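Got a structure here, written out as C-alpha cells. Questions coming.
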C-alpha cells in the first residue's frame, strides 16, 4: 500500500517547478506577494464584517466564511511551496502530505458548496426580496454554513483515505508543488481506474453540479433584473452579483481544467500553473473584487476611517 511504501521512506519529494529552475526565484517573490495580499485582504474582510453593524447580513456572513476559507486554503499549501522554492530541499513528510491532501480537498470542496449557498442568498435577495429576512434567518444561515464545512471535511476524509490506499511503484516523487490527488495517483503501479472514476464522480458532484446550480440562480436573477425599472436597483444588483459571479468563474474554471481532463505529461505541467492560479491568485483577488465593486464594503471602510 501507499502507506507501506511512502512511510518507510518517511517523505515525498515535491518536484514542483524544478523543471524550470530559472523561474523559481521569480515565483518565490510573486507567490509571497500574493500570499501576503491574501492574508491582509481576507483578514480585512473578516474584521470589517464583524465590527461594522451595517454588514451584519447573510451576504457578509457568508463572505466572512469565504474569506476565512481562503485564508485556510492558501495556508494549507503555499508556505510549503515557498519553503521548497527558497531552498534545495523539496521534501514533505508522509504525514505532512496526508494532512495537506486532506485539508486541500476539504477546503476546496467546502468552497464549491459555499459559493452555491452565496448564489442562493443572492437569488432570494433579488427574486424574493419581501421574504428575504424570513428565509435567510440567522439560524438558517448558520446551518447552511455548517453544512458547507461538514460536507467538505467529510468528503475529504473518504476521498483522501481512498487515495492513500493506492500502492506505489517504489519512487516517491510527486510531480506537483503540493500533495494533490491526480499527481499522487501517477505514482501508482496498479490499475487506478477505480480511483479515476471516483475522482470524476466527486468532481461532477462538487464542481459541475454546483456550477450548474450557481448559473441557474443567476439565470433567475438576470430575468428578475430585466424586469426592474429603477437604475439604483439595477446598479446594486450588478454590484453584488457581478462580484460574486467573477469570484465563481475565477475559482471554477481553473478547477475544471485540472479535474475534468485526462492526465498527460503536458496537462500535468500546465496543471501546475493552473493550480497556482486558483490556490494563489484567486484567493488574493476575492477581497479586492468585493471591496472595489461593492458600495456597502466601501461605505463600511469610510465609516471605519471616520469619513
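Backbone N, Cα and C define each Cβ position, glycine as well.
The domain 'G-protein coupled receptors family 1 profile' feature in TrEMBL is assigned to 41-290. Positions annotated as transmembrane segment by TrEMBL: 25-48, 60-79, 99-120, 140-158, 205-226, 238-261, 273-292.
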Return yes if the transmembrane segment (238-261) and the transmembrane segment (99-120) have at least 3 CB pairs under 8 Å (sequence gap of 6 or more), otherwise no.
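Judged by the Cβ rule, the two regions touch, with the required three close pairs present.
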Using a Cβ-Cβ cut-off of under 8 Å, list the residues of the same chain that are 6+ residues beyond the ends of the transmembrane segment (99-120) and lie near it.
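For the transmembrane segment (99-120), the list is 59, 62-63, 65-66, 69-70, 72-73, 76-77, 80, 92, 144-145, 147-149, 151-153, 155-157, 159-160, 163-164, 178-181, 184, 206-207, 210, 213-214, 217-218, 244, 247-248, 251-252, 255.
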Rank 25-48, 60-79, 205-226, 273-292 by Cβ pairs under 8 Å to the transmembrane segment (140-158) and hand me the top one.
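So the stretch in question is 60-79.
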Against which stretches of its own chain does the transmembrane segment (205-226) lie, if we need a Cβ under 8 Å and a gap of at least six residues from its ends?
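For the transmembrane segment (205-226), the list is 109, 112-113, 115-116, 119-120, 122-123, 126-127, 155, 234, 237-238, 241, 245, 248, 252, 255-256, 259-260.
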Would you report the average pLDDT that the model assigns to the domain 'G-protein coupled receptors family 1 profile' (41-290)?
87
Same-chain Cβ contacts of the transmembrane segment (273-292) under 8 Å, 6 or more residues past its ends?
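For the transmembrane segment (273-292), the far contacts come to 31, 34-35, 37-38, 41-42, 44-45, 63, 66-67, 70-71, 73-74, 77-78, 176-178, 180, 243, 246-247, 250-251, 254-255, 257-258, 298, 301.
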